[in-house]
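Here's what Swiss-Prot has on this protein:
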BINDING   Ala24, Asp25, Asn27, Arg41, Ser63, His64, Gly66, Arg67, Arg122, His154, Arg155  (2R)-3-phosphoglycerate binding site
BINDING   Gly200, Gly224, Gly322, Phe327  CDP binding site
BINDING   Gly200, Gly224, Phe327  ADP binding site
BINDING   Lys202, Lys206, Gly225, Gly297, Glu328  AMP binding site
BINDING   Lys206, Gly225, Gly297, Glu328, Asp359, Ser360  ATP binding site
BINDING   Asp359  Mg(2+) binding site
Amino acid sequence: MATKRSVGTLGEADLKGKKVFVRADLNVPLDDAQKITDDTRIRASIPTIKYLLEKGAKVILASHLGRPKGVTPKFSLKPLVARLSELLGLEVVMAPDCIGEEVEKLAAALPDGGVLLLENVRFYKEEEKNDPEFAKKLASVADLYVNDAFGTAHRAHASTEGVTKFLRPSVAGFLMQKELDYLVGAVANPKKPFAAIVGGSKVSSKIGVIESLLAKVDILILGGGMIFTFYKAQGLAVGKSLVEEDKLELATSLIETAKSKGVKLLLPTDVVVADKFAADAESKIVPATAIPDGWMGLDVGPDSIKTFAEALDTTKTVIWNGPMGVFEFEKFAAGTDAIAKQLAELTGKGVTTIIGGGDSVAAVEKAGLADKMSHISTGGGASLELLEGKPLPGVLALDEA
């Protein structure tokens, strides 16, 4: 993907008095009392908004929240106003809608250095259909466009792709820029040796990533529930562990590809097995070659952790996507925690560590090590698609640098 123009290239002359449509990813979790339980995404969007305000722009902020079917009060962005205002040190104005006369009035009345938060863009089905008329209405209140929502960059929606046809310049925000620099940079031009750790329960959801990474990495470490499909493909007994029967041939061919490309492929040599899928299950450590009948593997074992650690110690770049085990259960979190701790240590030694979205991010945050990594990706699906080498519509739509 070609390099995209960044918001940092716009100065006061470009921004003062201009209305800037900023698509952020403010899709934060809310509890039943509509309180924000994790404001990471809001905080991540602040640098771009502050930069625009300092240059005298008027910011029109748009986001989705959840997956509403039509107007759904519990998916309103209203609960975000107080936290946004607090972080920006000004009073954010809330619009009752994201298009229409009322929004036009509020946008027209916005002073330089003011912020208007539009209501959830997904209250309209036209958003996800990328309807050009809807995109035109969204764009009509602004002069230019900044996309800082990496988490939805893999979707061609009205607020991520459609609006760029009506607003120029259309540029990447700082968060989007950082994601692209790290994820595209890591894949296109990594410091070697380059390792990828891929976990998660299903091979099927990670096939594209594994195939794409096999062409680029020196070491590939596999963990999580997907390993049992690989074991079974190699003729091992896996007890009651999760297996995707229709992916056995694929697992065999991935092992062959790794061999032919000279990639060191590491599968766990021992696993923590349980008698049931529960936090309080009976558990024991067994070699991968001796998983007993009626037991299921829920984490990688201590020998595997040691082998993985030795391999990772040789690296200069590491990408991690997907947990090593069922880390939601304390008993089966050791493998995932060990990887998180080791990557934090490696970062301190100058290794580039990239946590590629999804559950690995949750695992790193649970371990309190988020600020110890080089880069934590905010995109789940978007990170995966980028690592798979797929073009992202929300990025393609932005101006070339």
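The backbone N, Cα and C atoms fix where each Cβ goes, and this holds for glycine too.
Here the features listed in Swiss-Prot are painted onto the structure.
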residue	record	Cβ contacts under 8 Å, 6 or more apart
Ser63	(2R)-3-phosphoglycerate binding site	Arg23, Ala24, Asp25, Leu26, Asn27, Leu77, Leu118, Asn120, Val121, Ala149
Gly66	(2R)-3-phosphoglycerate binding site	Asn27, Thr72, Lys74, Phe75, Asn120, Arg122
Arg155	(2R)-3-phosphoglycerate binding site	Glu128, Glu161, Pro393, Gly394
Gly224	CDP binding site	Val198, Gly199, Gly200, Ser201, Gly322, Pro323, Met324, Gly325
Gly297	AMP binding site	Gly225, Ile227, Phe228, Val238, Gly239, Ser241, Val271, Val272, Val273, Ala274, Ile291
Glu328	AMP binding site	Ala279
Ser360	ATP binding site	Gly199, Trp320, Asn321, Gly322, Pro323, Thr336
Minimum Cα separation from Phe327 (CDP binding site), reported as the residue among binding-site residues Lys202, Lys206, Asp359 that achieves it:
Asp359
Between the Cα atoms of Lys202 (AMP binding site) and Asp359 (ATP binding site), find the distance and write it as a whole number of Å.
13
Here are some binding-site residues: Gly200, Gly225, Gly322. Which one has the most Cβ atoms within 10 Å of its Cβ?
Gly322
Work through the binding-site residues one by one (Arg122, Lys202, Lys206) and point out the residue whose CB has the fewest other CB atoms within 10 angstroms.
Lys202
Need the DSSP three-state call for Arg155 ((2R)-3-phosphoglycerate binding site) to compare against my parser.
coil
Using a 10 Å radius around its CB, how many other CB atoms surround Asn27 ((2R)-3-phosphoglycerate binding site)?
20
Can you list, in sequence order, the residues of the same chain other than Gly200, Gly224, Gly322, Phe327 whose CB lies within 8 Å of the CB centroid of the CDP site?
Gly199, Ser201, Gly223, Gly225, Met226, Pro323, Met324, Gly325, Thr336, Asp359, Ser360
Give the residue from the binding-site residues Ala24, Phe327, Asp359 that has the most other Cβ atoms within 10 Å of its Cβ, counting over every protein chain displayed.
Ala24
At the level of the C-alpha atoms, what whole-angstrom distance separates Asp359 (ATP binding site) and Lys206 (AMP binding site)?
13
